[in-house]
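Peer 1: One structure follows; several queries about it will come next.
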Amino acid sequence: MEMEGSSLSVRKGAWTEEEDILLKKCIEKYGEGKWHKVPSRAGLNRCRKSCRLRWLNYLNPNIKRGAFAADEVDLVIRLHNLLGNRWSLIAGRLPGRTANDVKNYWNTHLKKKVDPSSNPNPRLNPSKPNPKVIRPRPQILSNNSFPVMLEENKKNNTAVAAAAATTPASNNILVSANSGNGSSYCFPNENDEITRWENLMMNENEVDFQSEQRQNLINNINISVFGDQPIIEEMDYSTTSNSQLLELVEEDNYGNLDELSLDVDLWNEFEQ
DNA sequence: AAATTATACAACCGCCGCATT
DNA sequence: CAATGCGGCGGTTGTATAATT
């Protein structure tokens, strides 16, 4: 039995044009993946990881070349603020940029400019006390996207969705998903996605946790989907005491509506 | 103009979680 | 169950190029 990577005289270092061509042809023919098979298929004297890396970071035609645009830089900073050195996650939000690109860009262009002690996120800033519950701002979706979302829930066999309304005068509603039962949402259009991220990126420190939490609970509406009909159940917490509210929030893992405002996958990553 | 130092980034290394044996 | 293999990740580094002296 052969130990991993122990085969004799495997090529290392910079890739030649010939090697690139061989690898490209191999992936055109067999598709991406099955990296352990690639070296023999392509006729390359390289280990599988080297081949994978070369494709993912350089040869893949989806990779965006050239300098980072201003909005890309802004996103990197904000996402790094939120997530730390989770390069793969960050790159997932920057179309065409690889995790390696983002990491390199951070290390060479941004690292020294960002003072860690100025980071507003207590999770990533040792000089700040870590509150029990860290909560991003709730997302805001437009009213007309709501039915779409319910349809999506039905398709996904999602049993319960919860939603909260902002002030009656508002055109917006706050939408949340229960991560406990694995539900997730499809965001109906790009503007909603952008709005969601703008809200997510807001400085968490500016939020008055207590009062906002309370407001969310007071405005809470549970929406259950059974068959074709959404069942709307209003929850009135207006007379509930602060201590009771706190219990409710703590029961709910992260504070009721708040983690729900995150993309569920991202939240799971965030919480690891 | 040559020598040097600094920068950018492609690629490597070791580790991880998961699947298979 | 342990051992092994795999894809994937993030920290780090070797080196070509750019900038400076």
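Glycine is treated like the rest: Cβ placed from N, Cα and C.
According to TrEMBL, the record shows the following:
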- A:116-131: compositional bias 'Low complexity' (COMPBIAS)
- A:7-59: domain 'Myb-like' (DOMAIN)
- A:9-63: domain 'HTH myb-type' (DOMAIN)
- A:60-110: domain 'Myb-like' (DOMAIN)
- A:64-114: domain 'HTH myb-type' (DOMAIN)
- A:111-138: region 'Disordered' (REGION)
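Can you walk me through where each of these features ends up in the structure?
Peer 2: If you average pLDDT over the domain 'Myb-like' (A:7-59) in this model, you get 93.
In terms of DSSP helix, strand and coil, the domain 'Myb-like' (A:60-110) has 31 helix, 0 strand, 20 coil.
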Peer 1: Which residue counts does DSSP yield for the domain 'Myb-like' (A:7-59) in the helix, strand and coil classes, in that order?
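Peer 2: Final tally across the stretch: 34 helix, 0 strand, 19 coil.
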